[in-house]
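The structure appears right after this line, and notes come after that.
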């Protein structure tokens, strides 16, 4: 009798977090539809083509998903190894963008590098790098972070260099986001409450001084406090955004039927996309988007907790840092649009128009998916080991 043929080995499956995937695809889809709705008139003005911006955004999303697929294949141990050199690369990029003739200047700020036809906003790259760097630092120096204020100050000194370079662009909003990411990660990394609170007070004081040191920031603050008094100058953008939400009421005026995007509301397809959504989809659409971002943050923290329970501290901290970044930036963008916060110039993650930011954020989400996959595989291998 011939020997029995060996049983085929089961195909290896890449476990994807279905909840997180659904949320990301919904945000990308809603964002694309709203970018299309808010930019058609601009496409006619720029290129006599209503599909000019929607087509470019579709290309950005496809490139972002391709980049995410590549990032998904990188094990977390490699990110842990390259955290420090990656931070140096980030500082170099922040310096390069300030070189006259190299950095691309838009609306008075030099924040972009042109690469293969795409404008890469260096601050978005630096946010991701800061997450990886901080996760590596806290993992290596866990005792110092927990028991010494100098353990908290060391990485912040390096991040302050990045923040100064960002302020030179100027990009105050991104500098704030990076510091919030760092502080949040150190708190979740086990920093003692008393030195942490003292550090928060120090950084907040420094931020307040910086915010009041530039005339345009002071104007933003005064217009935020009473936008209707400055409705024709510094408060114009905010009042137009508030009008958008007022017109939208509960169910909106209908997709594509908004008026504020028609050259009344500046940056309607980028920083103020949420206002257009509020006008056209109303409270229903606004609530849906807030719920999606809330789900993303909650699910991201859950993945971080699973990684920490599995002993993968670096991966856990990266997960925490990524969701702090996405959650805080989304909160600030929506808060600015609704008049809760002063204007900051931050995009709505995975939704606003933009090539470089879309690619970076898709890549960042891929890292979160990778953490979930590795934790799931580790859990499966532990179960198999116990059953033997």
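Backbone N, Cα and C atoms are what each Cβ position is placed from, and that goes for glycine too.
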Hey, in Swiss-Prot do residue 308 and residue 374 share a topological domain, i.e. the same side of the membrane?
yes
Per Swiss-Prot, which of 251-271, 272-292 is transmembrane segment?
272-292
Non-local residues, at least 6 beyond the ends, that sit with Cβ under 8 Å of the transmembrane segment (118-137):
63, 79-80, 82-84, 86-87, 89-90, 93-94, 96-97, 104, 111-112, 145, 154-155, 158-159, 162, 166, 169, 171, 174, 177-178, 181-182, 185-186, 314, 317-318, 321-322, 325, 354-357, 359-361, 363-364
Intrachain neighbours beyond the transmembrane segment (58-78), with Cβ under 8 angstroms and 6 or more residues off its ends:
14, 28, 32, 118, 312, 314-315, 318, 353-355, 358-359, 361-363, 365-367, 369-371, 373-374
Grab the same-chain neighbours of the transmembrane segment (20-40) for me: Cβ-Cβ under 8 Å, and only residues 6 or more beyond its ends, written as numbers and ranges.
50-54, 57-58, 61, 255-256, 258, 261, 268-269, 273, 276-277, 280, 285, 288-289, 292-293, 295-296, 299-300, 303, 348-353, 365, 368-369, 372
Are there three or more C-beta pairs under 8 angstroms joining the transmembrane segment (193-213) and the transmembrane segment (316-336), sequence spacing 6 or more?
no
